[in-house]
Structure formats: C-alpha cells, structure tokens
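Asker: Pulled the feature table from Swiss-Prot, pasting it below:
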type	residues	note
ACT_SITE	117	active site, pros-phosphohistidine intermediate
BINDING	11, 59, 87, 93, 104, 114	ATP binding site
C-alpha cells in the first residue's frame, strides 16, 4: 500500500462549532498523520483561485462566500491510501446521504455547509497542498 498525502480543510461551519479536535481525532483513529496544519481566514481571491475548477458551476459564488465567512483549518494528512481513507471518513458531499459516523453525517448542516474538504485524487492533492503549504512547512 502506498503512503500518500492529501489536503484537508475544516470549513468555517465546523470551525464555528468548535469540533476541530473531534475531527482531528477521527483522522488519527483512521491512521492518518497530521504533518502540517494552519488556521487562516481565506480572502475572496484565495477562495476564488482555490475553487477555480468550479468557476462555471452555479454554486461557485455561494461556495466562495461561504469559504470566506470565517476561519478555516487547513491540514496535510499522510498515511496509507490517505486520499481514499480521508474521503471515506468525510462521508458523502451531501450530509443527508453520508453514512452514520462520518464527519459530514455528524457535523455538517447542508450540502453547502458540509464541514470539510478533501482532495479527490493524487494530482489534485499535490496541487492543493502546494496551494497552501511551502515544502519546508510540511513535516
């Protein structure tokens, strides 16, 4: 099995609920190491650039607005099959469809305020990690 890295963002809704520690615990219980982390408040240009892949989608303006409404916690996770493992513990994008015990089932309010973001593949993970972290910030 391959050791991978993936980007995870705890979104403003989950940060506001004060569940960062509970989410970190789930990463660790799944065998994922947090090898870098930072809290920040995304600017509108940062959010627009990060989510540029969705620029032509109808939800894009609301996504940018949501992601800039409060602080986020951004982390790099590392472990065996980290990308798939993180997506499994996050749960379905729509929390109503997320399996019980997943982060979104337990902490998300809606498909828009869905608590967490995770990279969807190896190339995306590399790009997303590089967007937020310099190589010397990852341990």
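Glycine is treated like the rest: Cβ placed from N, Cα and C.
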Asker: Please give the greatest C-alpha separation between any two of the ATP-binding residues 11, 59, 87, 93, 104, 114, in angstrom, as a whole number.
Answerer: 21
Asker: Let me check the 10 A CB neighbour count of residue 117 (active site, pros-phosphohistidine intermediate). How many other CB atoms are there?
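Answerer: A 10 Å sphere around the Cβ of residue 117 (active site, pros-phosphohistidine intermediate) contains 20 other Cβ atoms.
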Asker: Measuring Cα to Cα, how many Å separate residue 11 (ATP binding site) from residue 117 (active site, pros-phosphohistidine intermediate)?
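Answerer: Between the alpha carbons of residue 11 (ATP binding site) and residue 117 (active site, pros-phosphohistidine intermediate) there are 7 Å.
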Asker: Determine, to the nearest whole angstrom, how far the Cα atom of the residue listed as 'active site, pros-phosphohistidine intermediate' is from the Cα atom of residue 87 (ATP binding site).
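Answerer: Rounded to the nearest whole number, the Cα-Cα distance is 9 Å.
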